[in-house]
Amino acid sequence: MYKRHSSFHTQDSELDRFRFRIAFAAGAVVLAFAILIGRFFYLQVVQHDYYTTRAEDNRISLVPITPNRGVILDRNGTILARNYSAFTLEITPSKIEDLDATIDGLAKIIEILPKDRRRFRRMLEESKTFESLPIRSRLSDEEVARFAANRYLFPGVEVKARLFRQYPLGSTASHAIGYINRINKTDLEVIEKNEQSANYKGTDHIGKTGLEQKYEFELHGETGYEEVEIDSGGRAVRSLSRTAPVSGNNLTLTLDMRLQEIAEKAFGERRGALVAIEPSTGGILALVSTPTFDPNLFVDGIRSEDWDLLNNSADRPMVNRALNGAYPPGSTFKPFMALAALELGKRTPGQTIFDPGFFNFGGHHFRDDKKGGHGTVDMYKSIVASCDTYYYMLANDMGIDNIARFMGSLGLGSRTGIDIEGESEGVLPSQEWKKRRFKRPEQQKWFAGETISVGIGQGYNAYTPMQLAQAVAALANNGVIYRPHLVKYITDTRTGEKTLIEPEPLRTLSWKPQNIETIKKAMVGVNKEGTGARAFAGAAYESGGKTGTAQVFSLKGSDYRAGKLKEVLRDHALFIAFAPADHPKIALAVLVENGGFGAQSAAPIARMVLDYYLLGKLPKGPAKEDETPEEDVEE
Amino acid sequence: MFLQLIQRFRERLVAHIDGPLLVIVMVLMGFGLATVYSATYDASNRALSQLLNMLVGLAVMWAVAQLPPQKLMRFAVPLYVLGIILLVLVFLVGVKVNGARRWLPLGFTRIQPSEILKIAMPLMLAWYFHKYEAALKFRHFAIAGLLLIVPLGLIAKQPDLGTAVLVGAAGFYVIFFAGLPWKVIIGMIVAGASAAPFVWTMLHDYQRKRILTLIDPTSDPLGSGYHIIQSTIAIGSGGGFGKGWLEGTQTHLEFIPERHTDFIFAVFSEERGLLGNSILVFLYLMLIARGLMITANASTLFARVLGGSITLSFFTYAFVNMGMVSGILPVVGVPLPFMSYGGTALVTLFLGLGILMSIQSHRMLVKK
């Protein structure tokens, strides 16, 4: 080996070896550079598309621009729900190490109350990880300026201009309009199911109840996007493109807010519900449930005190009684029973019965309301005077399944299909219903005796004020039932195009016109000379009506004296009406919880509503209860 | 008369300057300046100060080119010894910056002694082989290896892997060109390869992890892999013709770290594409080819092994840098020659260039 090194002595041979090594090195260099070029080719040609995408992903961030939520108007254009812009102070928790210290620091510049902190904490628990949460909303200009001067102290905190929902009329019609609130997990599932996830990227509020909920996807609009170039720190450097958001559609309602307000005021402090329908379209003119609540409380995240107050109140203001409360219809059931009798040929208008004051069934006395009875009673009188015995007999003659079939065709006992969620079905009793309702076989059997109290709207009967109003409207409209609805038309805010909600006839009941006339005439009689006469004394229009009283507390054999019973045990008062009698423009159902006799408390409310709607007459204060019970009021 | 004076001055100025080398380096520096400008103009522009660095470098090159290789030889031992002493001093009293002890405080400034070794090492080994040219024995190679390993160990210990690679490579090239037997070279490769598994088992977990990250950067995307991921995105998205000067999104949105120094190639590649890369590689190839030509015609062993080592050092810089930025080599701190921003590295490179020119221009004189 070392011998070879002797060749180093020879200059030329040493130079040859050296030059060989130079050549070898040159070859190695070329090879190495070829590898590099190969690598570049692979990255820049073969994988070019992939890396271009990676680079784009790196630099472009889509920032959603929340659209303006659609406005809600009543039929006259009164604004019921709108948006206003306000500055909020928002914190992105993921960017902040010590939240409490940051909030304490902010509190030195901007007023932050303990309730703001509590609300922030609550939202923090519910929030998605990366969103920014408001610690204060509705900042004054001065507060915005003060924060701007100190913002360098608070990374992760910013002032944002946000749109807030506002309900200018406050608690009026709040059950119909509903409210919006922050999106929670359940809402996210709904959004996902409707394939709206992308559209809700920047949205943090959603309709929770009422129309705000039902028409959420109409009102929401289309979220816009701003393509923003960001640096490696995630800061926006410049805007690349902007797709403007499309504002949500506006809703114009069938509701008449003045009518609604009058109806709500008519209830005063009393609990209850009122539904007024335009019979020829199914459009709802007023949808009242008292007490109401102020939806503005919810918009910003309701304070827990407010929520407790609303939720724990014995008056249960959050319950929409018009759709959700099911009440026995009491005597308001009678006109429909009479119509059923005529249609089924069980009675003729002139056919009379004798009422001794009770109906004997299997040794049991079903009491009439009037001691000693009404004497000879035909159909007209049975309605005008609200004779129970007539209907005890009629129910017995018809049988429960005939009653159920007829009342079912009117829509009683099933959801009306109004455009608000959360409607109750109510209870339409029948043999089949009882089988479904009860588990034990001995309870499943229908007893003939049970049919008798159903005849006067008691027993298992339970319907929502909405269903009753729909039934009245069906009668007023001569058997054509329209789907009740609150939205008249939807306006596309971009094109101004109006999509009318066409009145949708659900069923046409082919009742004989003379039968309809008989019933209507009797109901007109109620308001002229019957149980509704006092409430409708001196009315400048002809109206049909029927009082009703629904038992809450069962009295066995003793006299019912309202004054002796606690208020919550008093009967519910009901009244149904339509007017004008010859060509009804409005049909309604009124319920006053624990209002006692229908004629006393429910009928005056109906009068006020009809007076305003037909005559434009404004009432003075809430409807007064009739203090002296009439002689011949129903059971 | 006056014109004559200018003429003579001009002759004097270019007498020892190698035209082809200068042209190639000028073009490279043109690219370098444009890229440094692109990488820094939206923050603090470094192009002007890089231009100053280049002028200083050119002056150094010119001065060195004037010196005949024999004179350079005199610097070999003192420079090497000085380098070693300073390295030991760094080891004892050096300043720690970013976890590495590389700097020596000098009161008003601080210096990085390992930089000296980039030139001192090949100079020393070339001097050594030249001295024993007449009777090179195996033990001479062994001693040369020792001369190489001692400072290399000190540098690696700092740790400064990039400089260690460059110094090690420069030293090895000298030994290679001096005629290290092929058997030994192959033997070393085989020994190294077979020792690797044993070394692997002796490593700590964190050391293994670090090596694994070097192999697969995606295993640590937010840590050390981040640089490589972002620079390969920059290169790949550059495509065939690049995004255009000043248009690189990866660069200007600050996704590329150290974009005006070690990762400047990512900036260049993103904005100039495969075409630009190919031109750049071609320029380096020309630079190396010219260097090797000069070396092949050099008249002394000293000049040959030194020139060969310096030329191949340019290759090492370029290849390791482009290799690491494009993700085929581990990340070590090696600048891209004549492109990366930085005065010290530039001066060292020009020093090498000056030596090559000196070898070229003093070849005839020696022969005569």
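Cβ coordinates come from backbone N, Cα and C, glycine included.
Small disclaimer: the values here were computed from a predicted structure and weren't measured.
Residues annotated as active site, acyl-ester intermediate in TrEMBL: A:Ser331. A:Ser331 (active site, acyl-ester intermediate) falls within a helix when secondary structure is assigned with DSSP.
The Zn(2+) binding site feature in TrEMBL is assigned to A:Asp355, A:Asp368, A:His374, A:Cys387. For the recorded site, A:Cys387 (Zn(2+) binding site), the DSSP three-state label reads coil. For A:Cys387 (Zn(2+) binding site), the Cβ neighbour count at a 10 Å cut-off comes to 28, with all displayed protein chains included.
Residues or ranges marked as domain 'Penicillin-binding protein dimerisation' in TrEMBL: A:65-239.
The domain 'Penicillin-binding protein transpeptidase' annotation in TrEMBL covers A:272-610.
The transmembrane segment feature in TrEMBL is assigned to A:20-42. Sequence-distant contacts of the transmembrane segment (A:20-42) (same chain, six or more residues past either end, CB-CB distance under 8 Å): none.
The subset of recorded positions A:Ser331, A:Asp355, A:Asp368, A:His374, A:Cys387 lying near chain B, with Cβ atoms under 8 Å apart, is empty. One way to see the shell of the Zn(2+) site is to take the Cβ centroid of A:Asp355, A:Asp368, A:His374, A:Cys387; the remaining same-chain residues with a Cβ within 8 Å of it are A:Gly357, A:Asp369, A:Lys370, A:Gly373, A:Gly375, A:Val377, A:Ser382, A:Ala385, A:Asp388, A:Thr389, A:Tyr390. A:Asp355 (Zn(2+) binding site) counts 24 other C-beta atoms within 10 Å of its own C-beta, drawing on all protein chains shown.
Rounded to the nearest whole angstrom, the C-alpha distance between A:Cys387 (Zn(2+) binding site) and A:Ser331 (active site, acyl-ester intermediate) is 9. Residue density at A:His374 (Zn(2+) binding site): 22 other Cβ atoms are found within 10 A of its Cβ, drawing on all protein chains shown.
Around the Cβ of A:Ser331 (active site, acyl-ester intermediate), a 10 Å sphere holds 32 further Cβ atoms from the protein chains shown.
Calculated from their C-alpha atoms, the gap between A:His374 (Zn(2+) binding site) and A:Ser331 (active site, acyl-ester intermediate) amounts to 16 Å.
A:Ser331 (active site, acyl-ester intermediate) and A:Asp368 (Zn(2+) binding site) have their C-alpha atoms 12 Å apart, to the nearest angstrom.
The local packing around A:Asp368 (Zn(2+) binding site), expressed as other Cβ atoms within 10 Å of its Cβ over all shown chains, amounts to 25.
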